[in-house]
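Annotated active site per Swiss-Prot: 337, in sequence order, evidence recorded as sequence analysis. Per Swiss-Prot, the feature Ca(2+) 2 binding site maps to 406, 409, 411, 413, 416, 419. The disulfide bond annotation in Swiss-Prot covers 311-391, 353-358, 407-436, 418-431, 420-426, 449-475, 462-482, 469-501, 513-563, 528-574, 541-551, 594-606 (among others). Residues or ranges marked as domain 'Peptidase M12B' by Swiss-Prot on the basis of sequence analysis: 200-396. The feature domain 'Disintegrin' is assigned by Swiss-Prot to 404-490, with sequence analysis given as support. According to Swiss-Prot, the signal peptide annotation covers 1-20, on the basis of sequence analysis.
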């Protein structure tokens, strides 16, 4: 028998106050004081945990009763979540804190289908919720021996800086109506639809730089709390794409920065990506890393990321300026940059997300936004279908979730066969939401080889070959998962011996020129590649931090790519391309044939194909 325990904190709700008040979010001109009433349902005789898996609070907003339903974000941290900081003498200190009973929740408002909530219950209720299409914030009032909270609209916060905030990614906007038309008519095969429907998981590392440490007066608890709140909101936003984000690591550069963090965002992103590839990945497994910095980037830029780079060792990264007192605004900037990593471009004027500003607008708006546009959805789907980033299909092991298992949190944990959320939210006919067990006569609930709750017939293609260097995978008939992506051996000749296979592709100079300059483009004469011997400007083979290194004569076709657009006349026109936001754009792809029996390796050297792999 379940006994309902009503814990009444206070039934009063005071009207809006006449004077302004200074809260954590800034100076608020119009607010309401409420005393939330907590309703707890526990079995008779049960011991109440510090932070329950589900909670319900009642209070009034604008004189109307509001019921806030909360459920703990159980997948917020991975089992091997770690925190790294540095001693005054520079020693790395890594700990694995126990965070099973954390206090971060997502939720909704009762009887409001479009509502959302992201709340920290660590010390009172702090966070934000969407009610009847409007964004409200809630936080405890710092009064002794009081449970009073302030509730206020985002629009009632005095803005310290009215300048528009920008994403530093350039040249990604829709150029005309035509791409939008194509995106809205995206047609997928049944195999591709199964892939799109499959849950995706991103294991995230966040790095706080030394300026952040100074900004928060070396208070690691304050930094940790801010980042946890951001990731909690990030999860809420990406649920629309069936993507679940687990924080696997937090690194705080407490002693000094480990890269040269500077106001030039493109340089900082390049340095951070290189550090991620050469340092972070070697001691911490993860899918994506974001740098949260206290420095002010040049102009109005508050974030930058590579586009279409998820799972790439260097480029699966982004940088975010800690530009706003509100956690939610920083989280939205992080969601925007992560969207670029997931292949999403900036929205054009004809992109729509229901009349509100959208996540992928090039200008970060003055109000919190949660929705991706129709353009973003189709752009993301196209990226997934074309690139199949492998790391986001790695389901966390059922033992990898930090918190004790709970049915209804969307993560399959010990003792569960499926988890489609709470019964009121579950839309999966294969799963019994009340027990987190598969329904009778069903074999699966999700996966590229799961169709109508049954394993797909053996031999059914679940991942098509993307090139002659790739291998198609087929369902086994014994599992809901598509077998591991495999491809032809590296170094195998391809495209009529014009190239050699490399990680499932056949990179050749001609196709790289066409991708940059159009179908009439061809590879430039050898004399153009002599620019790479100079080691100046954009013409080089290797780059380490701020230094660039010229190509050796035998390696010149492994540096900057040179092309000719259109027929070659009497005058040689050497064309190349580069990008401030991604310094690797315009370089010859790794694995490209640079001579008979020779390919470009990771050091941009032209080496024997038999020894390269």
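A Cβ is built for glycine as well, from the same backbone N, Cα and C atoms used for every other residue.
According to its DSSP assignment, residue 594 (disulfide bond) is in a strand. All protein chains shown were included, and the count of other CB atoms within 10 Å of the CB of the residue listed as 'active site' stands at 25. Cα distances from the residue listed as 'active site' to the recorded positions 407, 411, 436, 449 are smallest for 411.
Each residue contributes its Cα atom, and for residue 482 (disulfide bond) and residue 409 (Ca(2+) 2 binding site) those atoms are 24 Å apart. Checking the disulfide-bonded residues (420, 436, 462, 528, 594) against residue 406 (Ca(2+) 2 binding site) with a 10 Å Cα-Cα cut-off leaves 436. Cβ-based crowding with a 10 Å cutoff singles out 431 as the top-ranked of the disulfide-bonded residues 407, 431, 528, 574.
A sphere of 10 angstroms centred on the C-beta of residue 606 (disulfide bond) encloses 23 other C-beta atoms. The Cα atom of residue 541 (disulfide bond) lies nearest to that of 391, taking the recorded positions 353, 391, 409, 420, 426 as the candidates. Residue 413 (Ca(2+) 2 binding site) sits 8 Å from residue 407 (disulfide bond), taking the CA atoms of both as reference points.
Cα to Cα, residue 411 (Ca(2+) 2 binding site) and residue 418 (disulfide bond) are separated by 8 Å. In terms of Cα spacing, the recorded positions 416, 431, 462, 469, 594 that come within 10 Å of residue 449 (disulfide bond) are 462. Of all the binding-site residues listed here (416, 419), the one with the fewest other CB atoms within 10 A of its own CB is 416.
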